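What TrEMBL says about this protein:
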type: TRANSMEM; residues: A:6-25; note: transmembrane segment
type: TRANSMEM; residues: A:74-95; note: transmembrane segment
type: TRANSMEM; residues: A:116-134; note: transmembrane segment
type: TRANSMEM; residues: A:154-170; note: transmembrane segment
type: TRANSMEM; residues: A:182-200; note: transmembrane segment
type: TRANSMEM; residues: A:246-268; note: transmembrane segment
type: TRANSMEM; residues: A:280-298; note: transmembrane segment
type: TRANSMEM; residues: A:396-424; note: transmembrane segment
type: TRANSMEM; residues: A:444-462; note: transmembrane segment
type: TRANSMEM; residues: A:468-492; note: transmembrane segment
type: TRANSMEM; residues: A:504-526; note: transmembrane segment
type: TRANSMEM; residues: A:546-567; note: transmembrane segment
Amino acid sequence: MDLQTLTYIVVGLTFSLYIGIAIWARAGTTGEYYAAGRGIHPVANGMATAADWMSAASFISMAGLIAFKGYDASIFLMGWTGGYVLLALCLAPYLRKFGKFTVPDFIGDRFYSSTARIVAVICLIVASLTYVIGQMKGIGVAFSRFLDVDYATGLYSGMAIVFFYAVLGGMKGVTYTQIAQYCVLIFAYTVPAVFISLNLTGNPLPQLGLIGDTADGTPLLLKLDQTLVDLGFAEYTAQKGGTFNMMMYTLSLMLGTAGLPHVIIRFFTVPKVSDARTSAGWALLFIAILYTTAPAVGSMARLNLTNTIQHGEVGDPQGNLVYEERPDWFKNWENTGLLQFEDKNGDGRIQYYNDGNAEFAAKAEAEYGWKGNEMVKVDRDIMVLANPEIAKLPDWVIALVAAGGLAAALSTAAGLLLAISTAISHDLLKRTFMTGISEKSELLSARIAMAGAILVAGYLGLNPPGFAAQVVALAFGLAASSIFPVLMMGIFSTKVNKQGAIAGMLAGLLSTLLYIFSYKGFLFIPGTELLANTPDNWFLGVSPEAFGALGALLNFVVAFVVSNMTAPVPDDIRQMVEDIRVPKGAGDAQDH
Amino acid sequence: MAFRSDEDKKAYWQKNLNLMFVLLVIWAVVSYGFGILLRPVLDAIPVGGVGLGFWFAQQGSIYVFLAIVFIYAKKMRELDREFGVDDDE
């Protein structure tokens, strides 16, 4: 059986599994699983949260960024896991005690203002929509390879499937489907990693393989450093970016993790406040399995990719791969347009090196006759999907990875689209502007909102402002600067009032948006940038993806200053804040 | 609210904040400290051909985060019981 057929079969099987579980669980749901007050077990909830959380950015994109950025990509590893500490310690138990349906509900009640709720809804929509753009990039990559078409066609097919997936709704919201998706996703991620780790280091645990030795006794990471330096690249393990930027980037991802509404609402579904604390731990455990594997996947993929193209001595004319003899994965990814080769020196062989390194480029031209890097495009987002093929793993593993990538991208995209449409139909229309709206019109407006969000995200996904994980990082910056600070102040301060919260959210959101748009273009439209996106232009050397941390600081400062100048918080709200600090007396779990 | 007295209420909240503070310091030290700022120092200790700082940035910090979350859940459960404000029925 050829690879393409096998991939269709595996993807088809996993999708029938999700649909089957959705139908089975739905039949028993109302009576059994969501019976008032019982909610979902913390371990099950943790696994479902992990599936909801790990998207195309984690599954498809992150290891690719690690492969090409090396140590500097640690920001994603620490940022996207460290946020769970903030969530578990500072937010989840208190929001669970508060016991409302959505994040804007909390902000609206705590700051006794429907204006605050509307501002929170706007922040939520901006952050979630940016997040979906990142998912669309991942979906486009996955579908272009899966259907063997170019990136744009892959993206359009993906958009259509996301629309059905999210609108039918049955796939999402049912915890047991998400548990199945988690199992497929984590199996698909770890199996190739185990194989590759065994091949390269003899250690089946990728976490140990990363710090293990290769066959000739050299540690893997040192060998990778050497391989890259020989081709003019920077050392894999060296720090290339600024230290302050790294710290702000990490902080921004951490605050954003704790501020993203689709993760927070998962903690409203557990039975008790103490369960909200442990559930965050279980979620982190299930996420950590992928996140501690990712650095091994990234480093080993980079080594395998480089060694496939440069299989012999650097400078030896026989040392480079002959283009006509390129492996199948190379041809397949060329079809998507995400991998491009150009025979600059006309020798019929592929030279892949860093021609941006002037010294090495000059030497390569003079001594080896190389006329520039011939791998003119290697999209970072293809690395995880191409990895098992590069490592020559069996076809079923390759098919499995495709299924895992699609599961990750679709589940999170559907979840986010639901969050956006709920925000518009529930928080904005039903609770604020059209209180008399019928259930039927509410549902219709939710679907229209969802279709609109898919079209906008798909359009922007055609020319994404970065690789999937970077676009998603922008979304985290927006959540970090707007939502996280008011949640913190809502719980830990009795002094911050409605004027403070509204001014704080607006200051955080607008400053971060302005900063991002200045470098990435207004609404990410190419050509509308105010400044070139280079480290020299950045404020204090902070990149657009990392600015959320500074936006959050601004949010805190503005909120405290404005609160001090305006009327104090009413007594009943003060009482409410003191009440949410104590676990006893929490209401029933919310069904999401 | 089921505190025996206002002092109890204050003491409970203060103990919670103290615990959070200690754990958040550890959280910041392993990631921003060991993983980024102190990497040049820690890399003197070799791990897998590179160094402890690199290991903390890509592996170690995540393990510590996990421990922090479970320790907090356990300690808070004990604190809730001590003050009689736990949510066990």
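Keep in mind that glycine also has a Cβ here, set from the backbone N, Cα and C atoms.
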Other parts of the chain folded back onto the transmembrane segment (A:546-567), taken as Cβ under 8 Å at six or more residues beyond its ends: 245, 248-249, 251-252, 255-256, 476-482, 484-486, 488-489, 495-497, 499-501, 503-505, 507-509, 511-512, 515-516, 539
Segment-segment contact (the transmembrane segment (A:280-298); the transmembrane segment (A:182-200)) at 3 or more Cβ pairs under 8 Å: yes
Stretch contact, the transmembrane segment (A:116-134) with the transmembrane segment (A:6-25), Cβ-Cβ under 8 Å, 3+ pairs: no
Considering the transmembrane segment (A:74-95), which listed stretch of A:6-25, A:246-268, A:396-424, A:468-492 counts the most C-beta pairs under 8 Å: A:246-268
Outside the transmembrane segment (A:396-424), six or more residues from its ends: residues with CB under 8 Å to it: 3, 6-7, 9-11, 13-14, 18, 51-56, 58-60, 102, 104, 121, 124-125, 128-129, 131-132, 135-136, 138-139, 142-143, 145-146, 158, 161-162, 165-166, 169, 171-173, 178, 181, 184-185, 187-189, 191-192, 195, 261-262, 265, 384-385, 387-389, 445-447, 449-450, 453-454
